[in-house]
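Here is what TrEMBL records for this protein:
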type	residues	note
TRANSMEM	7-26	transmembrane segment
TRANSMEM	57-78	transmembrane segment
TRANSMEM	85-102	transmembrane segment
TRANSMEM	141-159	transmembrane segment
């Protein structure tokens, strides 16, 4: 494998691992903690998290992982090695699924939560939570699996 392919595959693995770790940690600590809280705390907490996560470092890592995963897959295809090719493609496809889930499900739900307005102005906080929570949590768990799967595929591609 060429030096360029190695460097890109390592960068893809690291950035994908960072995002997988974020989703894993959130699924296993942040969400369970919020789910045990009152409707008001849950809604306000999610609103604030959704604002905080939209920062340059997260966005660069989230989108950078996608670009690096795709670049790594292309470079590995060029360099050859069937097992590595399959793993790099699987990693890229799983990460694209992560991005797709985020853009098609989680972000629109986040936008709906934001559109509900400031917590003090929401007439029925329980209804806002009810419309948001189950679907958002379900798809967050799915994107946790897809991102962890992408990370594992890329990590294995580094050593086969």
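Each Cβ is built from the backbone N, Cα and C atoms, and glycine gets one as well.
Looking at which of 7-26, 57-78, 141-159 has the most CB pairs under 8 Å to the transmembrane segment (85-102), the answer is the stretch 141-159. A Cβ distance under 8 Å defines the sequence-distant neighbours of the transmembrane segment (141-159), meaning residues of its chain 6+ beyond its ends; these are 6, 9-10, 12-13, 16-17, 19-20, 23-24, 26-27, 69, 72, 76, 83-84, 87-88, 90-95, 97-98, 101-102, 106.
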